[in-house]
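K.L.:
Residues or ranges marked as coiled coil by Swiss-Prot on the basis of sequence analysis: 116-140. If you look up Swiss-Prot, you'll see 113-140 marked as region 'DNA-binding'. According to Swiss-Prot, the feature motif 'Nuclear localization signal' maps to 130-138. The topological domain 'Perinuclear space' annotation in Swiss-Prot covers 1-25, 74-91. Look at Swiss-Prot and you will find 47-52, 113-140 tagged as topological domain 'Nuclear', backed by sequence analysis. Marked as transmembrane segment by Swiss-Prot on the basis of sequence analysis: 26-46, 53-73, 92-112.
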Amino acid sequence: MPSAFSVSSFPVSIPAVLTQTDWTEPWLMGLATFHALCVLLTCLSSRSYRLQIGHFLCLVILVYCAEYINEAAAMNWRLFSKYQYFDSRGMFISIVFSAPLLVNAMIIVVMWVWKTLNVMTDLKNAQERRKEKKRRRKED
């Protein structure tokens, strides 16, 4: 069982944070479920551009608000947690909240780049076909 955290003795390394966190706490399981649903939405939204843009913007806004969420959680941690995980440096919230959201956002950006490359390839192929058609008409 992990020891109780205090803000002054909060671990500074990622492995220490991950190993000293009590992952059985209901709010952390809820957060893990939230991240799983975000990944699912990222995968399912690949065919709906508007949904994907909205999802991406929500992810970025949540990451932007992480500092404020950390401050609120640091003041009210007794209401939902056994331990004080929320330090002033924001290490914990960065690892368990922001990092997965940023990974999701990066996946969306990679999907956009992939789609853009495919469209550019299709466009170039269409241009080549049109060019070839014109060349054949001139020969006839």
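Please read every residue number as a count from 1 along the shown chain.
Here the Cβ of each residue, glycine as well, is placed from N, Cα and C on the backbone.
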K.L.:
Provide the three-state DSSP residue tally for the topological domain 'Nuclear' (47-52): helix first, then strand, then coil.
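P.N.:
Going by DSSP assignments, the topological domain 'Nuclear' (47-52) contains 5 helix, 0 strand, 1 coil.
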K.L.:
By DSSP, what is the split of the region 'DNA-binding' (113-140) into helix, strand and coil residues?
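P.N.:
Helix, strand and coil residues of the region 'DNA-binding' (113-140) number 27 helix, 0 strand, 1 coil.
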K.L.:
Would you mind listing the long-range same-chain contacts of the transmembrane segment (26-46), meaning Cβ under 8 Å and 6+ residues beyond its ends?
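P.N.:
Contacts of the transmembrane segment (26-46) (Cβ under 8 Å, skipping residues fewer than 6 from its ends): 52, 55, 59, 80-81, 96-97, 100-101, 104, 107-108, 111.
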K.L.:
So what's near the topological domain 'Nuclear' (47-52) in sequence-distant terms, Cβ-Cβ under 8 Å and 6+ beyond its ends?
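P.N.:
Non-local partners: 41, 108, 111-112.
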K.L.:
I'd like the per-state residue tally for the topological domain 'Perinuclear space' (74-91) from DSSP, helix first, then strand, then coil.
P.N.:
7 helix, 0 strand, 11 coil
